[in-house]
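Heads up: the structure comes next, in structure tokens.
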């Protein structure tokens, strides 16, 4: 096959175009061979015989050239077909992207609106539950304290009352399991749920060794906390005891800082100092009377053992969910019933805490006190699940004004300046303890955001005033001439 090549090595312009465009059926000399094949075929007019036409075709075209020549249009059709299909696909993709760009903002906007609605609904529900929990926690604690004061008028056996109310903790886990049956979609058997919640003691669950090792110290601290609280109520008013008990938050911080190596916070140190100041002022309110000093010591001791209980719980058991807390408190009730029952018996026969007969016991007041104490413990643990934990603490500190209102109605307390100042200082210190660890950063961000908003509003006011002045100057026909 004789093809005259151009000086640059390409036969014709068509070859150059095909090579540049990457034509699939291209091979060197394709256009020259195609032109020669076309030139070798003589087209005859109808009615005129061309005898040499078939011979020239057979001489000029070999089988290879036939296949190459005929395969080129097929490849051309395939390439055109593939280009057409690719074009259709690109157009479809472009249309789909256009439709997606049109529908995606709408879907994303709808999703954002739904997410905002859900978040707002959850916040509102948590706030409503928090308000109910606050009222319930403060009411139960005020009711417990006031019933104890009423019981003391006819019956003064603080350890028996402590032992009796602690036994009611056994009902905590059955109450939790009843709630599980009422709310859970996949219900579990009592034994399976009990074993699941017993993981708070370890992977092996609750064994006899762990029952004695882990439950004994916490049960003793629980009993001491309640017993000292009841002893303090004999010496002081309900308002003073509830205010002094709020110091346990400061003691928790100090113990956590020393034992658990928690983060140091200056504001909490200030709160602890305020709590100690309130304790001293509370003792000074009655001119350091003997009963007053003993009562303050009992209340501070109750707050200290409560703080030690919380710190040791965090150290050895860590955090617990609602089911694990219910299991643990019920276990404390069992330990109290089995191992501490001998103590009120000894006190009874030694006539330290003696009563004439069981029929003479004020069962109504005792059951009311124990029921409200159990309700307080349940509400504290349920509140952490349903609402914000800080609201539980606020409910506890609100028991101070609640007890003060009841004491004023009963005319059992006379608020002088020192007692009122001590109560307020302790409550302020308690509230300072509720500040988060990043409170300073959050405060600075809030102040900076307020400054940015004020600066933006100031800039907007300046731009509005400038545009107003320009419009007035244009209306008056004045023209400002720039200085050179």
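Glycine too: its Cβ is placed from the backbone N, Cα and C atoms.
Any TrEMBL annotation is an automated prediction that lacks curation.
According to TrEMBL, the feature region 'Disordered' maps to 79-108 (among others).
According to TrEMBL, the compositional bias 'Basic and acidic residues' annotation covers 88-98.
Same-chain neighbours of the transmembrane segment (123-143): 238, 242, 368, 372-373, 375-376, 379-380, 382-383, 386-388, 391-392, 394-396, 398-399, 402-403, 406, counting only residues six or more beyond its ends whose CB sits under 8 Å from a CB of the stretch. Taken from TrEMBL, the feature transmembrane segment covers 123-143 (among others).
Annotated domain 'EamA' per TrEMBL: 129-283, in sequence order.
The transmembrane segment feature in TrEMBL is assigned to 155-177 (among others).
Annotated transmembrane segment per TrEMBL: 211-229 (among others), in sequence order.
Among the features that TrEMBL reports, transmembrane segment is placed at 241-260 (among others).
TrEMBL lists 266-285 (among others) with the feature transmembrane segment.
Taken from TrEMBL, the feature transmembrane segment applies to 292-313 (among others).
As annotated by TrEMBL, transmembrane segment applies to 325-349 (among others).
According to TrEMBL, the feature transmembrane segment maps to 361-380 (among others).
TrEMBL lists 386-406 (among others) with the feature transmembrane segment.
Packing against the transmembrane segment (413-435) from elsewhere in the chain are residues 237, 239-240, 243-244, 246-247, 249-250, 253, 265, 267-268, 270-275, 277-279, 281-282, 284-285, 390, 393-394, 397, 400, 404, 407: each is 6 or more residues past its ends and has a CB under 8 Å from a CB in it. The transmembrane segment feature in TrEMBL is assigned to 413-435 (among others).
The region 'Disordered' annotation in TrEMBL covers 461-484 (among others).
Feature annotation from TrEMBL assigns compositional bias 'Polar residues' to 464-484.
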Contact yes or no, the transmembrane segment (241-260) and the transmembrane segment (386-406), 3+ Cβ pairs under 8 Å, gap 6+: yes
Highest-contact recorded stretch vs the transmembrane segment (155-177), from 211-229, 266-285, 292-313, 325-349, CB pairs under 8 Å: 325-349
Cβ-Cβ under 8 Å with the transmembrane segment (266-285): same-chain residues at least 6 beyond its ends: 240, 243-244, 246-247, 249-251, 253-254, 292-293, 296, 300, 416, 418-419, 421-423, 425-426, 428-430, 432-433, 435, 439
Mean of pLDDT values spanning the domain 'EamA' (129-283): 89
